[in-house]
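*Asks:* As listed in TrEMBL for this protein:
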| type | residues | note |
| --- | --- | --- |
| BINDING | CYS12, CYS98, CYS194 | [4Fe-4S] cluster binding site |
| BINDING | HIS41, HIS76, HIS126, SER222, SER223, ASN224, SER266 | isopentenyl diphosphate binding site |
| BINDING | HIS41, HIS76, HIS126, THR166, SER222, SER223, ASN224, SER266 | (2E)-4-hydroxy-3-methylbut-2-enyl diphosphate binding site |
| BINDING | HIS41, HIS76, HIS126, SER222, SER223, ASN224, SER266 | dimethylallyl diphosphate binding site |
| ACT_SITE | GLU128 | active site, proton donor |
Amino acid sequence: MEVIVAKTAGFCFGVKRAVDKVYEQVEKGTEPICTYGPIIHNEEVVKDLERKGVSVINSVSELKALKEGTVVIRSHGVAKEIYDIIESKGLHLVDATCPFVLKIHNIVKKESASGSEIIIIGNDQHPEVEGIKGWCSGPVTVIESAAEAENFVQESGKRLCIVSQTTFNYNKFNKLVEILSKKGYDIIVLNTICNATEERQTEARAIAKRVDGMIVIGGRHSSNTQKLFEICKNECENTYYIQTLVDLDVHSLPSMGCVGITAGASTPNNIIEEVQKNVRNEF
Ligand code: SF4
């Protein structure tokens with residue numbers, strides 16, 4: 001039995017940087033520390049930080065209720081409003097927004113200020129998209145599906161500036177842009193999908209194509225892991241989505257000659273290694 005582990009599996013640069021920044025604050029003994037939303041979509045890491053005294057706040061009202069301490073902004077980034085609240089309350093800010101997300105904030109800020117209407121290709125409910133919306137000063141629309149792209153009617157008469165959530169599926173992004181481009185509007189397209197996501201998706205697709213079974217490891221709420229699962233499932237029917245080794249019932253897997261493993265950007269290395277070791281031992 002062959003086990004192929006994707007080279008791009010696990011923490012990406014932005015997530016590693018964000019997690020490291022929180023642990024740095026813990027080591028410094030800065031107190032109290034909180035993160036605005038869970039630092040990554042990985043329950044194991046979040047629980048470990050909780051044990052070390054790092055709490056998670058989830059709303060503007062919780063942020064407003066803080067009297068002191070350090071607030072860490074995670075790699076997804078936040079709306080301008082959040083920075084303003086942190087500043088007005090005199091809280092210590094540690095900004096771990098991924099530079100690729102900051103780049104999108106700057107684009108939409110500049111483009112809205114110069115009169116463009118912004119289209120974000122992504123999931124409207126995702127915190128990264130919420131953050132991006134919070135840097136737009138004019139009209140903004142979020143489009144996730146082909147039907148939404150087909151139904152989109154531009155009412156503002158302005159130039160359209162299309163950006164993408166960093167973790168969006170590259171091929172799907174191109175398809176949606178193609179639909180929008182056919183409408184004859186004045187459009188500027190900026191592909192802001194980050195390389196880490198693109199490389200991870202391309203490698204996962206290539207591995208899933210040649211294996212009998214594929215294991216995708218990542219948090220339940222991790223958007224980039226969900227996308228990876230979607231891509232792998234398309235190529236390989238026997239694709240399993242697990243958070244940790246506990247979720248993997250190796251005995252229920254059909255006998256396989258070759259198994260592939262990949263993992264989302266918020267999956268720590270030790271979890272990937274544990275799954276890999278177990279799969280090798282069991283088969
Ligand atoms: S997936 Fe890309 S944009 Fe998102 S945190 Fe990682 S490096 Fe940054």
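Each Cβ is built from the backbone N, Cα and C atoms, and glycine gets one as well.
Walk me through where these features lie, including what they touch and how far apart they are.
*Replies:* In the three-state DSSP assignment, the secondary structure recorded for CYS194 ([4Fe-4S] cluster binding site) is coil.
According to DSSP, HIS126 (isopentenyl diphosphate binding site) sits in a coil region rather than a helix or strand.
Here HIS76 (isopentenyl diphosphate binding site) comes close to GLY37, THR97, CYS98, VAL101, HIS126, PRO127, GLU128, GLY131: these same-chain residues lie at least six apart in sequence, with C-beta atoms under 8 angstroms from its C-beta.
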*Asks:* Rounded to a whole number, how many Å is the Cα of SER223 (isopentenyl diphosphate binding site) away from the Cα of CYS12 ([4Fe-4S] cluster binding site)?
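*Replies:* CYS12 ([4Fe-4S] cluster binding site) has its Cα 14 Å from the Cα of SER223 (isopentenyl diphosphate binding site).
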*Asks:* Suppose the isopentenyl diphosphate site is HIS41, HIS76, HIS126, SER222, SER223, ASN224, SER266. Which further residues of the same chain have a Cβ inside 8 angstroms of that site's Cβ centroid?
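*Replies:* In sequence order, the nearby non-listed residues are ILE40, GLU128, THR167, GLY219, HIS221, THR225, GLY264, ALA265.
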*Asks:* What other residues of this chain sit with their CB within 8 A of the center of the CB atoms of CYS12, CYS98, CYS194, the recorded [4Fe-4S] cluster site?
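*Replies:* My list of surrounding residues reads PHE13, GLY14, VAL15, SER75, PHE100, VAL101, THR166, ASN195, ALA196, THR197, ALA265.
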*Asks:* How big is the gap, in Å, between the Cα of SER222 (isopentenyl diphosphate binding site) and that of CYS194 ([4Fe-4S] cluster binding site), rounded to a whole number?
*Replies:* 16
*Asks:* Tally every other Cβ atom lying within 10 Å of the Cβ atom of HIS41 (isopentenyl diphosphate binding site).
*Replies:* 26
